[in-house]
Amino acid sequence: MYVNDTIAAISTAPGEAGIGIVRMSGKDAFAITEKIFQSSSKKAFSALNNRSINHGFIIEPNTGTKIDEVLISKMKGPHTYTAEDVVEINCHGGTVPVKRMLELVLRNGARLAEPGEFTKRAFLNGRIDLSQAEAVIDVITAKTNIGMEVALGQLEGSLSYNIEEIRTIIINMLAHIEASIDYPEYDIEEVTYDTLLKQAEEVKEKIQSLLKSADTGKILREGLNTVIVGKPNVGKSSLLNALLKEGRAIVTDVPGTTRDVIEDYININGIPLKIVDTAGIRETQDIVEKIGVDKSRQHMEQADLILFLLDVSNPLDDEDKTLMKLVKNKKTIILFNKTDLPTQVSQEEINKYFEGKTMIEISALKGKGLDALEEAISTMVFGGQVAISDTGLVSNIRHKNLLESAFDSIDITIGTIEDNLPLELVSVDLKDCWDYLGQVTGDTVSENIIDQIFANFCIGK
Ligand SMILES: Nc1nc2c(ncn2[C@@H]2O[C@H](COP(=O)(O)OP(=O)(O)OP(=O)(O)O)[C@@H](O)[C@H]2O)c(=O)[nH]1
Ligand SMILES: [Mg+2]
C-alpha cells in the first residue's frame, strides 16, 4: 500500500496572500531541494541543520533563473508530519509564485500529491491511527470553538486510547478462551464463563458510554439540523432572517413565498446550527410549490430539532393541526409568532394541543423572544452547558456505525456466554467486536475505506 516516492503540493489556500507554502515529502525531498535552492549562507542544502529554517532563493537549475525569494524548512524523518523527510518552501503568496514553485519541484522529481496524501502517509507510516487522521479534517473544517476542541482531542488520541483499552480487554478474553480450548484440563469451566461474562459486560459498558457521546459529537461536528416548519405565511422566512440578522430569505405577505429550501449556519452558545427555512406546508395545486412542500416534509424527517411556527394573530386552523400531528414525535420547540399583534389563540387551545412542549412567544418582525429561543435551544441540546470532556469522544458517523456494530456483537457474545454455549461460539462474535473496533483506529480496515476517507481531504494536507 505504501508508495515510496516523493509527493508535493501547495498547502496554503489559493488566492493572494502574504505567504504561500509548497510542501514536499518523501525520500527525494532533500535531493530535489538541493538542486533548486541557493541558501544565502552559501551552504549546500545537505549541510544545513535538521529542523532549521533557511533564507535563500529558488533557482531554475537549467537556466539559472531566480523563481522567488524563500524561507525553507528542513525536517528529517521520522519526526515529521508524514514521518518522512519533509521540506516546506515558504514563498510569496499569490497564484503565480506558488504555482511556479510547485511546477519546479514537480519537474525535478516530485509527484503531485493526492488529496490528503500527506496525512495518509502519516497513517501508513504508523505515526497516527485512522481516527486521528480523520480528526485532521475535522480540525480544518470545524465550525465553532467547541467543535474544534473536540477534533483536537481526537487528533491527540482521546478516542484511540478508549478504543485500545476496550480491545485489550477483548484480546485477554480471546487468549483465555484459546487456552481453555487447547488445555481444557487446566481450567474449571465455570470460572472461565464467570470471568468472561464480567469482562464482556465491561466491554459493553465502555462501548455504550462512547456511543452516548456520539450524538452530541455529531452535532458539534456537522451542526444541529434545525428545520423551521409551519403553514404558509406564519413568518418562517422572517424568523430565519431574524436569527441570521440579515435578509437571507425573501419575505412577503403572499402565502407560498418560499418555494425552495434555504440553509445557513448560525452559532448559538457554541453549538453550530444548520438552520433550514422551508416552503410552508399545505395542499397545493401549484407544481413548483408542491415540489417545495415535498422537500419540506423530507427535511422535517431528517431534522434534529424542529422549530414549529404558528401565527397567533389568526385562529388556529386545520392546516396547523395537521402539521402538529406530523411533528408530534420530533424534538420540537413551539413558537407563537406575531405576538406584536392581538392574539386569536386561546390559552385553552394552547393547553389542549401543546401541553408538555417547550413554548416561546416571539415576534420575528420585531425581533422579540429570540434570546429565549436561543436559550431554549442550548438547554434542549445539552441540558445547559456543553461539557467537552464527556461529549467529544465520538463525532464521526463512520465511528458511530462501527461502535454500534461492536455493541451488537458484544451483546450477542454475552447471550452466548450466559447460555453456556461452547467457547468456540463465544469467540466468533467476540472476534467480530474486536474487528469493528479496530476499523475505527484503522487496525483492521480495508484499503478501499482508507482511500475513501482520504479522498475527502483537501490537497496539500
Ligand atoms: N406583525 C408581524 N408580522 C410578521 C411577523 N413575522 C412575519 N410577519 C409577516 O408575515 C408575512 C409572511 O412572512 P414570511 O416570513 O414570508 O412567512 P413564511 O412562513 O416564510 O411564508 P411562506 O414562505 O409563504 O411559507 C410577511 O408579511 C411578514 O412581514 C411578526 O412577528 N409580526
Ligand atoms: Mg418563507
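Note that the numbers count up from 1, one per residue, in the order the chain is shown.
Positions of Cβ are set from backbone N, Cα and C atoms, glycine also.
Keep in mind that TrEMBL annotations are predicted by a computer and have not been checked by a curator.
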Candidates Asn225, Asn233, Asn269, Asn314, the one TrEMBL lists with Thr252, Val254, Thr257 as binding K(+): Asn233
Those binding-site residues in Arg23, Glu88, Arg127, Asn233, Val254, Pro255 whose CB falls under 6 A of ligand 2, listed in sequence order: none
CB contacts for Thr258 (GTP binding site) [other CB atoms within 10 A, all chains]: 23
Most Cβ neighbours inside 10 Å, all chains, among the binding-site residues Arg23, Arg127, Lys236, Lys461: Lys236
Alpha-carbon spacing, Glu88 ((6S)-5-formyl-5,6,7,8-tetrahydrofolate binding site) to Ser237 (Mg(2+) binding site), which is rounded to whole Å: 48
Output field, K(+) shell: CB within 8 Å of site CB centroid, site Asn233, Thr252, Val254, Thr257 dropped: Pro232, Val251, Asp253, Pro255, Gly256
Set of same-chain residues at least 6 away whose C-beta sits under 8 angstroms from Asn233 (K(+) binding site): Asp253, Val254, Pro255, Gly256, Thr257, Gly280, Asp311
Where the C-beta lies under 6 angstroms from ligand 1, the matching binding-site residues among Arg23, Glu88, Lys461: none
Neighbouring C-beta atoms (10 Å sphere around the C-beta of Ala279 (GTP binding site)): 27
